[in-house]
């Protein structure tokens, strides 16, 4: 992928952009192999990768500059603001909309938040795109309520030009800290969620719910998990750190009870809608801490198969101990951090690694997703 911003040293996020995808994936595979070198792996599956441009479905833009000349992008290593509306990680239609949003901010006259002076109103613009319909969820992160009227004044014109914008909200983040969003979310549209679909599973996105940023690879990851779980013929499933339900809903059926646990109530609300849409009745999605949930269950509640998809910190020693004690016949672990994955695998007792597969969800970076299946020795 070519990038003028990288060539000019304005944005260095895609640090491996000059390497081919095959070289990038080979390097990531080597890292993963080294991190898991202390474990016996029965099957190494071929890495999965896809498009290296036009794939990303979410933009997190810092709003810089001034009200009369706003810039959506980042601050360069030398301290200059630069627009990233034409970043090639985004689909072309998304790039065009980002340029239009710069114009929107200018027309609305909203002063960008100046971190050094702690003045201004508009901190971030967050844009999420649904791959299934090309529809959008648009969020304005403001310091206060002062500029909401300005957004509402210009919004009808924007929505008439871009009817594919289905959800618009304002998030209030009042503190002078490096925090992306605050607690208060104000919807400016009747719709409050974005429709998406991976494979044959309907999924829904709300402003604060986590969602994978590379839809093509995420779909393959979910499908692989579905196939691996199907081989196990489970009688019951847990999906911990379930988010909007992507893994569990791919693996569940009308005859297999599924328990999904996620700390975000917004994500759980989306997961419940998906389950209802799919006609799944033996499903229980609950907003709880996954570690606390597992610790509060007794042996009679233990699942046949457990899926975990934790944040970068991993599942931690307590949950590793709970899983070891429950001793399900298999554990599927999807990780975005191979370092914490290796640490957790060492703390889960009584299993061997049957399968490992790398999914390159983050081209041009050092990051990747990995799916591991742990089974009890026969």
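Using N, Cα and C of the backbone, Cβ positions are placed for all residues, glycine too.
What Swiss-Prot lists as [4Fe-4S] cluster binding site is 3, 11, 14, 87, and the listing cites sequence analysis. Reduced to three states, the DSSP call for residue 3 ([4Fe-4S] cluster binding site) is coil.
Taken from Swiss-Prot, the feature S-adenosyl-L-methionine binding site covers 212, 241, 262, 309. According to its DSSP assignment, residue 241 (S-adenosyl-L-methionine binding site) is coil. Neighbour list (residue 241 (S-adenosyl-L-methionine binding site), Cβ cut-off 8 Å, at least 6 residues apart, same chain): 261, 262, 290, 308, 309, 310, 311, 315.
The annotation active site, nucleophile is assigned in Swiss-Prot to 336. For residue 336 (active site, nucleophile), the same-chain residues that are 6 or more apart in sequence and have a Cβ closer than 8 Å to its Cβ are 311, 312, 361, 367, 368, 369.
Taking the Cβ of residue 11 ([4Fe-4S] cluster binding site) as reference, residues of its chain lying under 8 Å away and at least six apart in sequence are, in sequence order, 3, 5, 73, 74, 76, 82, 84, 87. Sequence-distant contacts of residue 14 ([4Fe-4S] cluster binding site), defined by Cβ-Cβ distance under 8 angstroms and a gap of at least six in the same chain, are 1, 3, 6, 89, 363, 364, 365.
For residue 309 (S-adenosyl-L-methionine binding site), other Cβ atoms within 10 Å of its Cβ number 26.
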